[in-house]
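J.: Next up is a structure, given as structure tokens.
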Amino acid sequence: MRLKARVVQLDRGFPLVRTEDGAQFRCKHATALVKGKKHRAVIGDEVMVEADEAADIAQILEILPRRCSLVRKDPAERSLPQTLAANFDVVVVAHPLFELNIRRLERELVLAHETGARVVVALTKADLAQDEAQLRDTTELVRAIATNDDTVLVVSEFDAPSVEALRACIPADCTAVLIGRSGVGKSSLVNLLAGSEVQQTTAVRETDGKGRHTTVNRSMVAVRDGGWVVDMPGVRGLGLWNADAGIAAAFPDIDKAAMECRFRDCKHGAEPGCAVREAVEAGRIPPQRLESYLRLTEENEQQKQRNEEASRIRSRGGRRKR
Ligand code: GDP
Ligand code: ZN
């Protein structure tokens, strides 16, 4: 029997898929799918599966085209992308309010915007803020870093209304992906959104001796009175992968100013007629913001160069047997 289903859990075993009417089963990838190109389903993927009552495991025959995906550079490879999740509507960037890391947040925002999905920044563990001033200043700073279209929320697991505000961002039929460093409170948020302990929090993971970075479980969890949320534990490095659109979307002010530069390929360095530098000098764009933009652009360009080199080598060498 051929069925359409969604990948709702990935762990060390076989992917777990769920059909529209809620039936769940474990699947393996059809050989044709993983041969050569090594296509593998990621969390959120829509797949066609062959479920045979007699067989103890179903088969993923086809991965349907992805509506959107979260992609980073594969940390273990020089020039390969790694898709972390597919087919979602919102990316929630979780970041602890009391230890804001601006560089990291900017990178997370570029990756989030690159997906084309809506972006919500959740400033977590707000109860640990030193005082009102830190709360206010950090929120304001983050609002300035995020784009006008992004939602910025201040949340704490001890403040129910703050969790409800996040829940409201994930209505029925909506899927959210939760990214952020380990320990920022993602699992705690997932549990609160689900209304039950579905995800082990860092504290628990540490005491059970498994170590907090070993979890590779990705699962899609039903949000009570809402849609779905995917936690992304164990995602540490966020290397950019073809992130031109993400950089432009995360830095709309710089992108807009750049249209007025005299040279179309202006690098906003020492070129004459650079409208971006002009905007910085006039105080319309903070200098640190331009620095961040240039740093991320440079990383992105270097990665693109590596990819071109790699694809040249690949085409020269022809198809290599494994
Ligand atoms: P994750 O690694 O991002 O999934 O983070 P966890 O949800 O496991 O949380 C890490 C630690 O922070 C745990 O000990 C949680 O109990 C704690 N924590 C999570 N959310 C909050 C919060 O809103 N306030 C405070 N004070 N602690 C929190
Ligand atoms: Zn310029």
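The backbone N, Cα and C atoms fix where each Cβ goes, glycine too.
In TrEMBL, annotation is done automatically, which means it is predicted and not curated.
Owing to the predicted nature of the structure, the values given are computational and were not obtained by experimental measurement.
What TrEMBL records for 84-236 is domain 'EngC GTPase'. Residues annotated as GTP binding site in TrEMBL: Thr124, Lys125, Ala126, Asp127, Gly180, Arg181, Ser182, Gly183, Val184, Gly185, Lys186, Ser187, Ser188. What TrEMBL lists as Zn(2+) binding site is Cys261, Cys266, His268, Cys274. Annotated region 'Disordered' per TrEMBL: 297-322, in sequence order. Under the heading compositional bias 'Basic and acidic residues', TrEMBL lists 297-312. Taken from TrEMBL, the feature compositional bias 'Basic residues' covers 313-322.
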J.: Got a sec? Which of these binding-site residues, Lys186, His268, has the most Cβ atoms within 10 Å?
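T.: Answer returned by the neighbour count: Lys186.
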J.: Could you say which of the binding-site residues Thr124, Ser182, Ser188 has its Cβ with the most other Cβ atoms inside 10 Å?
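T.: Answer returned by the neighbour count: Thr124.
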J.: List the same-chain residues at least 6 positions away in sequence whose Cβ sits under 8 Å from the Cβ of Ala126 (GTP binding site), in sequence order, or say none.
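T.: Long-range Cβ contacts: Leu97, Leu135, Val154, Val155, Ser156, Asp159, Ser162.
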J.: Would you count the other CB atoms within 10 A of the CB of Cys266 (Zn(2+) binding site), including those on all shown protein chains?
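T.: So the Cβ neighbour count for Cys266 (Zn(2+) binding site) comes to 17.
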J.: Of the binding-site residues Thr124, Gly180, Ser182, Lys186, Ser188, which one has its Cα closest to the Cα of Cys261 (Zn(2+) binding site)?
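T.: Nearest by Cα distance to Cys261 (Zn(2+) binding site): Gly180.
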J.: State the three-class DSSP label for Thr124 (GTP binding site), counting H, G and I as helix, E and B as strand, and everything else as coil.
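T.: It is in a strand.
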J.: Should we count any of the binding-site residues Thr124, Gly180, Lys186, Ser188, Cys261 as near ligand 2, judged by a CB under 6 A from one of its atoms, and which?
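T.: Among Thr124, Gly180, Lys186, Ser188, Cys261, near ligand 2: Cys261.
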J.: Can you tell me how far the Cα of Cys274 (Zn(2+) binding site) sits from the Cα of Thr124 (GTP binding site), in Å?
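T.: Cα-Cα, rounded: 38 Å.
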